[in-house]
Amino acid sequence: MSVIQDLQSRGLIAQTTDIEALDALLNEQKIALYCGFDPTADSLHIGHLLPVLALRRFQQAGHTPIALVGGATGMIGDPSFKAAERSLNSAETVAGWVESIRNQLTPFLSFEGGNAAIMANNADWFGSMNCLDFLRDIGKHFSVNAMLNKESVKQRIDRDGAGISFTEFAYSLLQGYDFAELNKRHGAVLEIGGSDQWGNITAGIDLTRRLHQKQVFGLTLPLVTKSDGTKFGKTEGGAVWLNAKKTSPYQFYQFWLKVADADVYKFLKYFTFLSIEEIDAIEAKDKASGSKPEAQRILAEEMTRLIHGEEALAAAQRISESLFAEDQSSLTESDFEQLALDGLPAFEVSDGINVVEALVKTGLASSNKEARGFVNSKAVLLNGKPAEANNPNHAAERPDDACLLNGEHKRFGKYTILRRGKRNHALLVWK
């Protein structure tokens, strides 16, 4: 199966230029292709995964991937299908983000061997280009009429009170020139990107043809949508980042575990490197079993292993199991740090707090009366163990102090997992 056929079978091609010619070229020879990543934050998020993984798929098929980090274009920001003008970031901020993203892209690709990946930065050519050269050598090849007719531009112009600045309007010229420059430097003949990049990609194809008289191609990947219509890649806490310091491996694992049945088999095709035959077999087995599908667990394991590695996957599984177990002794200090980052609602507490106060403080009970009821019915656990009276000498006027949280409840001298019922947790972080 060719790489194009594999992408098609996974539903990963939204648009492409001359797919027959592209498929024939890929079968005849090994090519160089690229995808650009503008630094809009200090980390990539799961919305970047499809193009990143597509580069990897092409490399596995023997082609040379080029990961282009937009050190120059990131200073402007892509206006494509954005409702309003982007805020401009300082050169120092963008430079820091460029380095972070370069480091994140590196593990996905192999930089050794005959088709070693290439890391590029468009600041290398735009940084030395002056305004006159840009307007004379690049600008003359772009029709303003054609640029105004691009859907992404028309939407901004037609939106009341929006409009578009010349800075953002000129963005497609910069991205278009990236293709021409990478064609000249590295022989790149294919640009891939998200479906919102079609206009920018075709601009680059046209410019490369005009400047170098070369036939080049473009391919876009689909916009990832969920069956319920909500945006993919967002949680109540915001974006799901690929940086473990921004989204913990545990939370990342949980994100994939919670994928809806209606989406999970599509996402296995989109995001994993399991074969179509393996995915079809998983789906058939799930449907035949009549019980809880295995697909979400497989998806969560594949993605966490791919992004964070085996150790992080083991930690995510250990945390997931321990939260509902009586014995939580297997949790490491690093596991608790993940929970404190984003795994559980975390609350700072001080010595002297009793379990009733802790339940109310964390929102696991709405009042002291309700909290006492939970404690009396044995529905409250501290680190997996039932909360029990441990302070027989408490003051008569403070009956709730019968169960004080103290040193025996502190894991690593800092953490306590408070649980009410089967699925309601909070993390107490001791000052």
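Including glycine, each Cβ sits where the backbone N, Cα and C put it.
Around the Cβ of Q175 (L-tyrosine binding site), the number of neighbouring Cβ atoms within 10 Å comes to 26. For the recorded site, Q175 (L-tyrosine binding site), the DSSP three-state label reads helix. If you look up Swiss-Prot, you'll see Y34, Y171, Q175 marked as L-tyrosine binding site.
Of all Cβ atoms in the protein chains displayed, 15 besides its own lie within 10 Å of the Cβ of K234 (ATP binding site). Look at Swiss-Prot and you will find K234 tagged as ATP binding site.
Applying DSSP to the domain 'S4 RNA-binding' (353-422) sorts its residues as follows: 23 helix, 14 strand, 33 coil. What Swiss-Prot lists as domain 'S4 RNA-binding' is 353-422, and the listing cites sequence analysis.
If you look up Swiss-Prot, you'll see 39-48 marked as motif ''HIGH' region'. Through the fold, the motif ''HIGH' region' (39-48) approaches residues 69-71, 74, 77, 86, 94, 96-98, 100-101, 104-105, 224, 232-233, 239-243, 246, 255 of its own chain, all at least 6 residues removed from its boundaries and within a Cβ separation under 8 Å.
Per Swiss-Prot, the feature motif ''KMSKS' region' maps to 231-235. For the motif ''KMSKS' region' (231-235), same-chain residues at least 6 beyond its ends with a Cβ under 8 Å from one of its own Cβ atoms are 45-47, 224-225, 251, 255.
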Determine the Cβ neighbour count for Y34 (L-tyrosine binding site): the number of other Cβ atoms within 10 Å of its Cβ. 24
Mind checking how the motif ''HIGH' region' (39-48) divides into helix, strand and coil residues in DSSP? 3 helix, 1 strand, 6 coil
Averaged over the motif ''KMSKS' region' (231-235), the pLDDT of the predicted model comes to 81
Quick check for the class: what is the C-alpha distance, in angstrom and rounded, between K234 (ATP binding site) and Y34 (L-tyrosine binding site)? 27
Enter the number of other CB atoms within 10 angstroms of the CB of Y171 (L-tyrosine binding site). 23
